[in-house]
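Student: My questions all concern the structure below.
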Amino acid sequence: MTADKEKKRSSSELRKEKSRDAARCRRSKETEVFYELAHELPLPHSVSSHLDKASIMRLAISFLRTHKLLSSVCSENESEAEADQQMDNLYLKALEGFIAVVTQDGDMIFLSENISKFMGLTQVELTGHSIFDFTHPCDHEEIRENLTLKTGSGFGKKNKDRSTERDFFMRMKCTVTNRGRTVNLKSATWKVLHCTGQVRVYNNCPPHSSLCGYKEPLLSCLIIMCEPIQHPSHMDIPLDSKTFLSRHSMDMKFTYCDDRILELVGYHPEELLGRSAYEFYHALDSENMTKSHQNLCTKGQVVSGQYRMLAKHGGYVWLETQGTVVYNPRNLQPQCIMCVNYVLSEIEKNDVVVSMDQTESCSSHTLMAMNSIFDTSDDVALSEKSNYLFTNLKEEPEDLAQLAPTPGDAIISLDFGSQNFDESSTYGKAILPPGQPWATELRSHSAQSESRSLPAFTVPQAGSPGNATPSATSSSSCSTPSSPEDYYSSLENHLKIEVIEKLFAMDTEAKDQCSTQTDFNELDLETLAPYIPMDGEDFQLSPICPEEPLVPESPQPNPQHCFSTMSSIFQPLTPGASQGTFFLDKYPQQLESRKTESEHWPMSTIFFDAGSKGSLPPCCGQASTPLSSMGGRSNTPWPPDPPLHLGPTKWSVGNQSAEPLGPLPLGTSQLEPPSTPPHVSMFKMRSAKDFGARGPYMMSPAMIALSNKLKLKRQLDYEEPAFQDTSGGDPPGTSSSHLMWKRMKSLMGGTCPLMPDKTVSASMAPDEFTQKSMRGLGQPLRHLPPSQPPSTRSPGENAKSGFPPQCYASPFQDYSPPGAQKGSGVASRLLGPSFEPYLLPELTRYDCEVNVPEPGSSTLLQGRDLLRALDQAT
């Protein structure tokens, strides 16, 4: 039994050994056959000896198909010479790409050996493989369209022959880096290849062989040359003189251009910036350039075909452009387009104009010829040049538009000669004599006469040196014409340039002491920052404007000045200026004389010394001129001011130095400007600083708001009796003036310029201080009888103030308050009855500074800033 088992094992092992030997023999024979086949391939021995069987079969099949293609394409009689064999090696070196042959199924049956130079992949690695394994998936559809004969965009005959020309772009895997290194296929990047070639059709079998009458279908393959597009940043070879660089935005607008375009095409680089490249393409090439732009945005690189770019002076040049999209390294978003433009020809057909830009360029040559006419350096007679210019302008009338001067240019008269033109008698009537100056020169020397000849918009208003009362009419140092005809002179029909310049000119600085005339016409009161009170009560801005006509007293108009800056409306008002102009404008019938009287009233001159010592000039303005905000055009007038009475009114500190606001009844005695008592001279400097029109400090917005509130309350107080007659009752100063002084003390505190210094004796004459307060508060003088000045004042002392006597009237006589009031002190003043039905908010300087507008702006504290400022104040 054991022997039989051993025999069976030996026989099975022998059969296995024989089978293994047979398989080994077959494999060795196959290997020999494959190696023999590999040696038959047109490959170096070092390459073919390391090929596997699959690669050998793949390469052999590709070789056979390529040979069949060549045999069908080339004729049998053609014999390859030795010279042609030598040239084959030079072809690959000269080409800037590689050659590929792709079947209609997508198999690459042939690739030139220089493909490794551009793509990093060798010829053996790619030959026999499908092209779809190494190209971008987004390009597969386009590749299939170009592999077949059904579709294609070429130059074949329409409706007769199918187009076989191919020109497209595809992205293929590249394993070579910019530095020349070769990476793995998994780390390969995409490189754009410009593929140009044609589709060739050939028979699978030779023509003489037939298989029982059966004909195999025709085979087709695509023979293309693939050229990679070099990145502009990787160019090592310098550009020649026929090449220029340009940079564009993504919509092909020029952002940079090389200077060489000036010599090649004629454009200056500055002329192209911001303009689209499509403006310079020939109309016949616009479709191809649009397609190239689409490929550029899709694939990142493109090479345009040969196209025509319009030259500047007519004609065109042939160009070819390589475009590359530059991406932002941070977010990988397209940033710009870099173009390398190769000029392929000189300017062709430079006499053909196909663009409007070229017409402008051509007209520039004519203009250059025109400019040479005015060149006096040539020896050619001026008449000949004029004749030449006249001929050119007659042939090309459109060139006259190029000669039109721009505003500010010097106007050069064209002299065409007298033989070509007859002087018209129409223009001879308005020509000035040779020795007589032009009307513009006459106007420059006679500005005073113009102001009288054109008085329609001119409202002369003369004021004192401290006069800063806002005016509702526009007044300037120059006259403003009232109609369009006034802008022209009577002698010629030219514009009055000086009048127009003065019309739009504004003085930025005051030229003299009478230049602080403000103008509400040029102001937008809504943009002015209002005062925000601390107690929540709002004060509206009320305009102050003259309504009744004024009677000019001085025959010579004083120089006027327009309102210069917006912030000057907050300038402090001087005594006799804040309400003085208003008083003079509203009640001019009491201002018929300006004689200085020897009688004066016992009032402090701290309300007058801030201004000039000279007499007040008359106000010669037309008070009925309406307020205008449309460049001097008359529109809605302001309402007239109601008459004022000394009733329970709300006084503004900013008007303490103002003029009396009440009208003087007929028969009222004239007033005298007061003199300065010795014990109140210490307040002159402070009053002048706080209330002077030329002072450095501006009035607080609170004062302006309170002054405007006074205007609103006049209407309410109009029906109330103002004062009882002094002949039938107690003097009004015995009670009201003292209470008003208490009110002023509670309002101003220590910051009021009217507050007496603590060092001053309490037994000082209260009538002087009270009358000073009443004088500053602008009490009306309507219902007051004339009063006689005290005998304690000397005429010489009172003559120091040179103000017109008829402009001022004191409603009080010389008196002294009761002793109980004088000795009660501050407590009794605070606890005493109020002169008014309600109290004004007591504002500190810090509260006013919080809400005062910033210089040069109208921004107020709002929101958190206002709350923060209020917290700091508390």
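Glycine too: its Cβ is placed from the backbone N, Cα and C atoms.
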Student: Any idea which of 96-136, 219-259, 342-382, 834-874 is down as region 'CTAD' in Swiss-Prot?
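Tutor: That would be 834-874, per the region 'CTAD' entry in Swiss-Prot.
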Student: Looking at 26-53, 278-305, 558-585, which one does Swiss-Prot call region 'DNA-binding'?
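Tutor: In Swiss-Prot, the region 'DNA-binding' feature sits at 26-53.
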Student: Determine the mean pLDDT over the region 'DNA-binding' (26-53), rounding to the nearest whole number.
Tutor: 86
Student: Mind checking which residues reach the region 'Disordered' (1-23)? Cβ under 8 Å, same chain, six or more beyond either end.
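Tutor: Contacts of the region 'Disordered' (1-23) (Cβ under 8 Å, skipping residues fewer than 6 from its ends): none.
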